[in-house]
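In what follows, a single structure is set out as structure tokens and then discussed.
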Amino acid sequence: MNYRHIYHAGNFADVLKHAVLARLVEYLKQKDKAFRVLDTHAGIGLYDLSSEEAQKTGEWLDGIGRLIDEPLPANVASLLAPYLDAIKALNPDGGLTYYPGSPKLARGLLRLQDRLSLMELHPADFEELHRNFDGDFQTRATHLDGWLAMNAHLPPKEKRGLILVDPPFELEGEYRRMVDNFAKAYRKFPTGVYCLWYPLKNGAPIREFHNAFAELEIPKILCAELSVKGDRDSTGLSGSGLIIVNPPYTLKGELEILLPFLEEKLAQDRFANTRCFWIRGEEQA
Ligand code: SAM
């Protein structure tokens, strides 16, 4: 396990993932009934962007660094408010030193009745995650393989839930593993909202990945992608995507506002682009 998210925290991929995560949590809060957020690959939960590791790559400068102090159009501002307010709350004196990973972001948005389950396999990152939630009775951090947890912890006892699956994609076959593990989890908890993150880079099997989801014949699967640059000349990340299963009915419309805005702000070259479409869903119905 070589991957450490501290080197990437707040980058353009985190911006899309976390902005959407915040929309999904806000949507679940529209009903009083309690829900659970299961974060299968949690990381450490909170990132210090002034740390040696984060400074070494400076990836956040081309991510959240391009947004945090920007004037926003009103429609974008209201959609990004839960995400940006969470960041501002961690930096009460202004500036951008602390950045919430998915655990702190989700936790900050929960109500008293809601719960958060966090899985992290890296021993040192788990220790830090655990420390970051010490004494928090609404959150449980577990040192466990997130793929196992996806199966073992579903359905949640609340019977309402959001499952974020955000693996590092450092192993061969991770796209296929995501489809297969999701399919198993969905059979156990078909009413859950699932948000699955994946990287876009040169040679990535994206068409097969989307087709594999389509073949599951699950009614509502939305896809959102943001590439910040062309992938031809690089081996690194050129963008990222999210598969959202059982999305709120409002999400596609929101993404159609957010994605063009994020493309404009986060573009690194003229090949930046976005897509948002149903893999299975409304348009097939
Ligand atoms: N979700 C986090 C966020 O948005 O702030 C970032 C997670 S990072 C992309 C992926 C994390 O998964 C890393 O911290 C890595 O140590 C952890 N990890 C890798 N394999 C895992 C596994 N099988 N089960 C649980 N965690 C794993």
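Backbone N, Cα and C atoms are what each Cβ position is placed from, and that goes for glycine too.
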**Study point:** Per TrEMBL, member of Asp32, Asp85, Asp134, Asp166 binding S-adenosyl-L-methionine alongside His18, His41, Ser102, Glu120, Asp145, Gly146
**Key:** Asp166
Study note, to complete from the structure: Min neighbour Cβ count (10 Å) across binding-site residues Ser102, Glu120 flags Ser102
Practice item. Please list residues from the chain of Gly146 (S-adenosyl-L-methionine binding site) whose Cβ is under 8 angstroms from its Cβ, counting only those at least six apart in sequence. Key: Thr40, His41, Ala42, Met119, Glu120, Leu121, Val165, Pro167
**Study point:** Largest inter-residue Cα distance among His18, His41, Ser102, Glu120, Asp145, Gly146, Asp166 [record-listed S-adenosyl-L-methionine binders, Å]
**Key:** 22
Point to revise | Most crowded position, judged by CB atoms within 10 A, among His18, His41 as binding-site residues | key: His18
Exercise for review: Could you tell me which of these recorded positions, Asp145, Asp166, has the greatest number of Cβ atoms within 10 Å of its own Cβ?
Suggested key: Asp166
